[in-house]
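Here TrEMBL flags Ser58, Val59, Gly60, Gly61, Asn62, Gly63, Lys64, Thr65 as ATP binding site.
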Amino acid sequence: MPHDIPRFWRRRTLLSYLLLPLAALFALITACRRALYRAGILRAYRAPVPVLIVGNISVGGNGKTPLVQALARALQQEGVAVGIISRGYGGRAVAATDVAACPDAAIVGDEPLLLWQSTGAPVVIARKRAQAAAKLLRDYPATRLILADDGLQHYALARDAEIAVIAADFGLGNGFLMPAGPLRESASRLQSVDAVVGSGAGQGRADGYVLQYTSDGVRPLNGGALRPLASLAAAPLYALTAIARPERFFDSLRAQGAMLTATHSLPDHAAIPADAAAFAGDGNLLISEKDAVKTAAWPEALKARTYVVDYRALLPPELLPALRRKLGV
């Protein structure tokens with residue numbers, strides 16, 4: 001379960017039932033807000049190019065960013081000029097910011113920086129997605145499709161297609177709206193999106209797609225070629241991460257045969273100071289790609305024994321053609 005998510009959000013307890021009146025108020029507010037946008041009373045920004053939202057209806061990491069990453073790469077391979085927008089969680093930026101002009105995770109957030117580094121696509125962050133989309137198109141007029149990492153509930157940005165991502169190991173939690181549960185919108189919202197994607201193994205939806213993951217090994221943090229994870233077996237092996245579902249990362253390493261001496265996790269989007277790796281002693285340390293973008297200040301000696309796990313999402317084969325037909329790209 002993600003850091004900072006109450007346990008009663010997983011299963012219905014007395015506390016979750018006691019919070020239902022507040023959840024009902026939250027449901028009323030969110031439903032009214034969406035209705036105002038649908039009626040045109042509140043105006044939404046309509047970009048001159050198609051917009052694809054990749055979001056969720058629950059709180060916490062659900063695999064949105066890996067899916068955006070995979071979609072961007074696949075679309076680029078098919079000749080589509082893609083731009084990406086994001087909130088920039090964990091960053092300090094206030095105004096709309098081009099990640100290429102400020103490639104610092106502390107300012108733009110770890111996920112936008114990862115998306116920019118891994119795809120080469122232009123990435124713009126802003127607290128308001130409409131502002132991010134407008135700046136993206138001003139700065140990169142050749143963009144033919146905007147991918148929004150998160151933003152399903154940001155109705156101030158008009159969209160042409162929506163994907164809802166659901167974590168297989170968490171699902172919809174206890175099924176209640178906030179604060180009684182983890183849901184930002186009711187489960188019925190899934191009926192109006194264009195695709196429901198289950199992220200990770202273990203569960204899937206009969207009416208949706210399943211996003212699986214693969215790894216080609218690890219690469220040294222300070223540069224070098226991919227190598228098998230098994231090549232690190234001679235020394236004690238440790239794992240450190242600051243993602244929403246750290247156990248998913250640790251379990252994936254164990255599934256690949258890693259004998260982890262110890263693990264350590266920090267809250268999602270948290271900075272990772274060098275002393276956070278002290279638990280690993282002189283052993284080899286494994287981190288995720290999302291963690292790697294926050295290690296610039298680490299000493300070289302630590303970087304030399306740190307390895308980044310290559311962990312990629314595999315698009316369901318039917319998903320991309322269906323989206324291209326829907327979006328007309």
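Each residue, glycine too, has its Cβ placed from N, Cα and C.
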Self-check item: Cβ neighbours within the same chain of Gly63 (ATP binding site) - under 8 Å, at least six residues apart
Solution: Val165, Ala167, Val197, Ser199, Gly200, Leu211, Ala313
Self-check item: Ser58 (ATP binding site) CB neighbourhood, other CB atoms within 10 A
Solution: 26
Self-check item: All-chain count of other Cβ atoms within 10 Å of Val59 (ATP binding site)
Solution: 19
Self-check item: C-beta crowding around Lys64 (ATP binding site), within 10 angstroms
Solution: 25
Self-check item: DSSP state at Gly63 (ATP binding site), helix/strand/coil
Solution: coil
Quiz item: Using a 10 Å radius around each Cβ and counting other Cβ atoms from all shown chains, which of the binding-site residues Gly60, Gly61 yields the largest count?
Solution: Gly61
Quiz item: Which residues does Asn62 (ATP binding site) neighbour through Cβ under 8 Å, counting only same-chain ones at least six apart?
Solution: Asn56, Val165, Ile166, Ala167, Phe170, Ser199
